[in-house]
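Participant: Pulled the feature table from TrEMBL, pasting it below:
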- 76-186: domain 'HIT' (DOMAIN)
- 170-174: motif 'Histidine triad motif' (MOTIF)
- H172: active site, tele-AMP-histidine intermediate (ACT_SITE)
Amino acid sequence: MAAAVNPFSLLRGPLRVGAWATIKASKEGLCISPSHPILQNAPRFRRTMCSVGSTNNEEAIAKVAAASADSGAPTIFDKIIAKEIPSTIVYEDEKVLAFRDINPQAPVHVVVIPKSRDGLTQLGKAEERHGDILGHLLYAAKLVAEKEGIVDGFRVVINNGPAACQSVYHIHLHVLGGRQLKWPPG
């Protein structure tokens with residue numbers, strides 16, 4: 001079980017939480033605009049439609065996300081699967097869904113997710129029973145690369161935990177390509 005995180009200890013000025021929320025510390029608590037599913041049940045958060053500056057602080061976002069990682073609450077990806085949140089779908093079959101990332105890091109940036117989380121919130125939680133879906137995710141990444149015309153040069157990334165800046169606890173692969181990728185990646 002993860003220790004409780006004091007959200008104020010994570011902030012150094014306003015920060016942008018993906019494309020879903022902007023949060024900042026204030027005397028009354030945290031100002032969140034609009035609400036993000038990972039933040040809905042966090043203690044001492046106040047949802048408002050405030051306007052704040054935007055910076056990229058992926059480490060703080062990952063720490064906030066990790067605090068509620070295993071709560072069982074629906075993730076943003078669950079809502080995309082249920083078609084409650086629109087996305088640009090690139091590939092779909094009975095087991096996985098692939099859609100364009102809303103904050104692309106390359107000309108082609110597609111996220112591939114299993115339609116059923118089945119306790120697989122991050123790669124570090126994988127069990128032997130997850131072998132089939134993990135293999136299918138990689139195969140789907142290859143199909144996405146073919147469809148996007150990048151099969152001769154693409155990267156598959158899985159972020160695992162806050163030290164790797166995982167911000168959604170529903171295992172997912174990033175398929176990146178369409179430009180020369182550098183090494184080392186991080």
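The chain as shown is numbered from 1 upward.
Cβ coordinates come from backbone N, Cα and C, glycine included.
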Participant: Return the residues near the residue listed as 'active site, tele-AMP-histidine intermediate', defined as same-chain residues 6+ apart in sequence whose C-beta is under 8 angstroms from its C-beta, sorted by sequence, else 'none'.
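Facilitator: For the residue listed as 'active site, tele-AMP-histidine intermediate', the qualifying residues are F77, V111, V112, I113, I158.
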Participant: Restricting to the domain 'HIT' (76-186), report the mean pLDDT as a whole number.
Facilitator: 96
